[in-house]
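**Student:** I have a structure here, written as C-alpha cells, and I will follow up with some questions on it.
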Amino acid sequence: MRIDIVTIFPSFFDVLDLSLLGRARGAGILDVRAHDLRDFAHDRHRTVDDTPYGGGAGMVMKPEPWGEALDDVLSSGDDPLLIVPSPAGEPFTQAIARELSAETHIAFACGRYEGIDQRVIDEYSSRGRVRLLSLGDYVLNGGEVAVMAMIEAIGRLIPGVVGNPESLVEESHEDGLLEYPSYTKPASWRDREVPAVLLSGNHGAIAEWRRARQIERTAAVRPDLLPPDDSRP
Ligand code: 6GU
C-alpha cells in the first residue's frame with residue numbers, strides 16, 4: 001500500500017520508521033511518504049493560511065497550496081482514496097480500518113488551524129473518492145495525530161505487517177466486544193492469583209470464561225456496543 005501524507009509538519013511522521021510499521025516499510029509492504037505543504041506555496045513566506053471570509057476567530061488553510069499538493073500526490077496510482085481527518089468527519093472505527101487496509105493508495109490531507117477551505121474538499125470529491133474521518137468527539141490542534149493513529153490501525157491489518165495474524169482476531173472491537181483480560185507468568189504475583197480456569201487446560205471452560213468477561217467489560221464501560229437483546233452465541 002502506498003500512503004502519502006500532506007502536512008506542514010512532515011517530520012512528525014519520522015517515527016513511522018520505528019517498530020512494526022517500520023519493518024513493513026523496510027519489507028516493501030508499506031510505502032509511506034510525507035510531503036511538506038509549504039513546498040507548494042510560492043510566496044516568500046510560504047503562506048498556507050489566511051483569515052476566514054465572513055469573519056470569525058482563527059485562520060483557514062488556503063486552497064491553492066492544497067490544490068497543487070493534492071494534484072501532485074493523487075496523480076500517480078489508480079483510484080487513490082483521499083482522507084481528510086476532521087472532527088466533523090464520520091467516526092473512524094475498526095470496521096473502517098479493515099476496509100481501508102484493502103486500498104492500494106491512500107493520501108491524507110492534514111489540516112491545521114480552523115480547517116481547509118471547503119472548495120478543496122468539493123474539488124476532489126468531484127474528481128475522485130474523498131472521506132472525512134474523525135478519531136472521536138474531542139478536538140485536536142491538527143490532523144497529524146489523527147492520521148498517525150489511522151495509519152497504525154490500518155497498517156497493522158495489511159497482510160504481512162503483523163507476524164501472527166491470529167493475534168488480530170481476538171482483539172477489542174474485532175468481534176464487536178471489548179477484549180477479555182490477559183495474564184502471564186507468574187501464576188501468583190503480590191498475592192494476586194491468575195484466575196484458576198486459565199490454568200485448568202479446559203479449553204471450553206476457558207473460552208466460556210473469556211466470553212463472559214468480554215460481555216461484563218463491555219456492559220460496564222461500553223453498553224452502546226452490546227446488541228439490544230442477548231442474542232449472541
Ligand atoms: Cl481527525 N482531527 C482533528 N483536528 N481533531 C480531531 C479529529 C481529527 N478527530 C477528533 N478530533
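Cβ coordinates come from backbone N, Cα and C, glycine included.
Because TrEMBL annotations are produced automatically, they should be read as predictions rather than curated entries.
The S-adenosyl-L-methionine binding site annotation in TrEMBL covers G111, L135, G136, D137, Y138, V139, L140. TrEMBL lists 1-226 with the feature domain 'tRNA methyltransferase TRMD/TRM10-type'.
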**Student:** Out of G111, G136, which has the highest number of nearby Cβ atoms, where nearby means within 10 Å of its Cβ, if these are the binding-site residues?
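**Tutor:** Per the Cβ count, the most surrounded site is G111.
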**Student:** Could you list, ordered by sequence, which of these binding-site residues: G111, L135, D137, V139, L140, have a Cβ under 6 Å from ligand 1?
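**Tutor:** Checked binding-site residues vs ligand 1; flagged L135, V139, L140.
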**Student:** Pick out which of the binding-site residues L135, V139, L140 has the most other Cβ atoms within 10 Å of its own Cβ.
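**Tutor:** Sorting the candidates by Cβ neighbours within 10 Å, the top entry is L135.
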**Student:** Who sits close to Y138 (S-adenosyl-L-methionine binding site): which same-chain residues at least 6 apart have their Cβ under 8 Å from its Cβ?
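**Tutor:** Once residues fewer than 6 apart are set aside, Y138 (S-adenosyl-L-methionine binding site) is near P87.
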**Student:** Rounded to a whole number, what is the top Cα to Cα distance in Å among the residues the record ties to S-adenosyl-L-methionine, namely G111, L135, G136, D137, Y138, V139, L140?
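**Tutor:** So the maximum pairwise Cα distance among the S-adenosyl-L-methionine binders is 17 Å.
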**Student:** Please average pLDDT over the domain 'tRNA methyltransferase TRMD/TRM10-type' (1-226) for the predicted structure.
**Tutor:** 94
